[in-house]
């Protein structure tokens with residue numbers, strides 16, 4: 001089924017509700033995607049792009065229901081990737097002599113995928129035009145490396161529609177085609193996810209290319225993307241967002257992600273986050289266990305953040321494999337204007353944190369001091385983690401911090417209540433872990449200064465995860 005975009009322009013693409021992986025398995029398309037193809041019917045009939053190769057037969061059959069294939073005068077391929085040009089082989093088998101307009105680099109890519117050098121290719125460059133009748137022209141604009149060397153955009157005069165290729169798109173499937181018809185929160189989340197994970201490496205090219213396009217002084221009433229919605233309501237809003245995202249974007253946000261074998265590094269991550277929040281309550285802090293989180297959501301949060309803390313246990317003297325893989329991906333994304341710090345726990349020997357610090361620096365992050373803990377962090381080690389978080393908050397602050405009274409309050413409470421008043425320390429009879437009322441157990445929201453009698457009944461030993469009934473009064477303090 002086709003959808004009228006504007007006047008004689010129809011959407012003839014394909015929705016893909018089920019797709020969950022893109023670029024292999026590197027991009028999770030949690031809300032599906034669409035492959036947008038457009039049919040322009042003027043004195044000349046023009047098809048702009050096709051769809052993903054897995055929908056080739058369905059696409060050609062649907063297109064045949066819209067138009068006699070022999071009446072298609074021109075095919076424009078803005079991008080040679082298989083989710084754009086995948087149905088070319090099926091289509092060209094029916095109309096083998098139809099001219100294909102694309103960049104020189106696209107010919108190499110198309111032949112590399114379809115192996116038909118005999119097709120009627122016509123090379124276009126920025127500023128070239130194609131007359132399609134009724135006083136309208138197509139104007140071509142090369143956009144190399146946004147995000148492939150062959151990429152270009154196509155502008156239709158008269159209707160003032162920019163067929164923008166991958167730019168301004170999103171992997172987002174909905175029965176509605178236009179931006180003003182869909183859930184706005186979902187839409188802009190997917191726009192930012194798309195930019196963060198696909199276009200970030202090319203941010204330095206985004207601003208000059210947008211400036212070049214605006215320099216043509218052409219009105220833009222609609223932006224018709226290759227994936228997701230068509231921008232008809234205030235289409236320049238997404239252009240303005242791209243200019244913002246391309247300018248070394250950051251929010252007052254810190255992302256923490258880690259991998260852990262025995263929860264030791266997780267304990268460090270939680271304590272660091274507590275220290276950050278104590279010192280700068282205005283900053284947004286997001287924590288992810290990489291083994292249980294959507295990788296693309298982590299990368300989107302890194303893109304949004306002013307800094308990232310990455311944690312890893314040591315395994316065979318190196319970092320955990322999932323951490324190594326994601327840091328390698330961050331290297332390729334070439335984030336700018338961001339700070340980083342490495343942390344992690346180890347046993348008899350370390351090595352992972354130092355290695356991780358080097359990799360983060362190589363990825364272009366401005367490095368802050370790293371933090372290491374041996375074995376499971378005790379209360380003193382967790383306090384060091386909290387202090388590390390406090391120092392990170394101070395170093396990474398984007399504005400003067402509010403004066404904190406946390407330390408003053410703790411000191412006053414400690415001096416007002418003696419250890420003796422809090423009762424005896426308690427020892428786990430299974431693993432020998434000791435509960436000290438003066439220190440509490442912040443990981444379970446048991447505040448310093450909490451007597452054992454006031455510890456909640458659902459308390460679990462941090463070492464062996466058994467309940468309160470296995471605890472006994474420490475022998476040295478028994479009367």
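Note that Cβ sites are derived from N, Cα and C of the backbone, with glycine treated the same way.
Annotated Fe cation 1 binding site per Swiss-Prot: 79, 81, 147, 166, in sequence order, evidence recorded as sequence analysis. Summarising the annotation, Swiss-Prot assigns Fe cation 2 binding site to 83, 166, 227. What Swiss-Prot records for 260-264, 342-369 is FMN binding site. Under the heading Fe cation 3 binding site, Swiss-Prot lists 428, 431, 461, 464, citing sequence analysis as support. If you look up Swiss-Prot, you'll see 254-393 marked as domain 'Flavodoxin-like'. For 423-474, the entry in Swiss-Prot reads domain 'Rubredoxin-like'. Residues or ranges marked as region 'Zinc metallo-hydrolase' in Swiss-Prot: 30-210.
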For the domain 'Flavodoxin-like' (254-393), the number of residues DSSP places in helix, strand and coil: 68 helix, 36 strand, 36 coil
Candidate nearest residue 81 (Fe cation 1 binding site) in space, where candidates are the binding-site residues 227, 352, 367, 428, 464 and distance is Cα-Cα: 227
Cβ-centroid neighbourhood (8 Å) of the Fe cation 1 site, 79, 81, 147, 166 excluded: 83, 84, 146, 148, 151, 165, 226
Residue among binding-site residues 352, 357, 362, 367, 461 with Cα closest to the Cα of residue 83 (Fe cation 2 binding site): 362
Secondary structure of residue 428 (Fe cation 3 binding site) (DSSP, helix/strand/coil): strand
Distance, residue 79 (Fe cation 1 binding site) to residue 367 (FMN binding site) (CA atoms, angstrom): 38
Residue among binding-site residues 79, 147, 428, 431, 464 with Cα closest to the Cα of residue 357 (FMN binding site): 147
Pairwise Cα distance for residue 431 (Fe cation 3 binding site)/residue 347 (FMN binding site) [Å, integer]: 18
Other same-chain residues whose Cβ falls within 8 Å of the Cβ centroid of 428, 431, 461, 464, the recorded Fe cation 3 site, in sequence order: 430, 432, 433, 462, 463, 465, 466, 470
Binding-site residues: 81, 83, 166, 362 - member with fewest neighbouring CB atoms within 10 Å: 362
Summary of DSSP states over the domain 'Rubredoxin-like' (423-474), given as helix, strand and coil counts: 9 helix, 10 strand, 33 coil
Among 367, 461, the one of these binding-site residues whose Cβ has the fewest neighbouring Cβ atoms within 10 Å: 367
DSSP three-state assignment (helix, strand or coil) for residue 83 (Fe cation 2 binding site): helix
